[in-house]
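Scroll down for the structure; my scribbles are underneath it.
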């Protein structure tokens with residue numbers, strides 16, 4: 001029986017109704033707000049990480065750019081939690097869906113570009129034509145810069161989708177190989193299991209790094225337009 005490698009990336013449904021909204025709300029139950037005077041260790045670690053990431057990401061912005069702090073921090077927590085959710089057994093990773101990632105990338109990109117054209121129209125238009133460009137190259141460079149501008153949200157979405165999907169496929173393939181080799185040679189099976197364990201640790205890091213990269217690129221787009 002042939003196994004479909006892409007079956008884990010199919011959106012789960014119950015009676016024909018997608019359960020994706022319920023899965024996306026599940027990480028919100030993990031990131032709880034402290035209700036006591038002294039938070040526990042998990043909440044203390046959570047607060048420390050949020051403060052460190054906020055300070056590192058927003059230090060380059062002006063007052064207008066820092067008004068996006070809550071949105072960017074919510075974005076990185078949402079992407080990181082959904083990426084980590086997909087590493088649990090019998091779970092689903094919403095960020096493997098290109099449609100969802102494009103749905104996050106386009107409004108954020110459009111918001112930064114609209115803010116730039118609204119507040120700094122001359123500087124925003126100057127990005128389409130670098131200073132000192134020879135006259136014969138002006139039309140071609142304007143077309144290239146326009147394409148590069150409109151391809152930014154697609155690049156954001158494809159980068160996140162490709163990295164998360166590739167990692168999950170590797171885990172699925174090596175896990176299947178480990179299970180198949182267990183009946184042939186325990187030595188080789190133990191080696192592949194060690195590789196699977198190390199790859200799982202790597203995927204934990206990739207899940208958080210990709211959330212940081214996605215949010216950092218949005219932050220850089222914001223910095224260029226404020």
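Cβ coordinates come from backbone N, Cα and C, glycine included.
Automatic prediction, not curation, is the source of TrEMBL annotations.
Note that the structure is a prediction, hence the values are computed from the model and not measured.
The transmembrane segment annotation in TrEMBL covers 6-31 (among others).
According to TrEMBL, the transmembrane segment annotation covers 68-92 (among others).
Per TrEMBL, the feature transmembrane segment maps to 137-158 (among others).
Remote same-chain residues near the transmembrane segment (164-184) are listed as 3, 5, 8-9, 83, 86, 93, 95-96, 192-193, 195-196, 199-200, 202-203, 206-207, 210 (criterion: CB distance under 8 Å, separation of at least six residues from the stretch ends). TrEMBL lists 164-184 (among others) with the feature transmembrane segment.
As annotated by TrEMBL, transmembrane segment applies to 196-222 (among others). Cβ atoms under 8 Å from those of the transmembrane segment (196-222) belong to residues 53, 57-58, 60-61, 65, 68, 72, 75-77, 79-80, 83-84, 86-87, 95, 105, 108-109, 112-113, 115, 152, 156, 159-160, 163-164, 167-168, 170-171, 174-175, 178 of the same chain, restricted to positions at least 6 beyond its ends.
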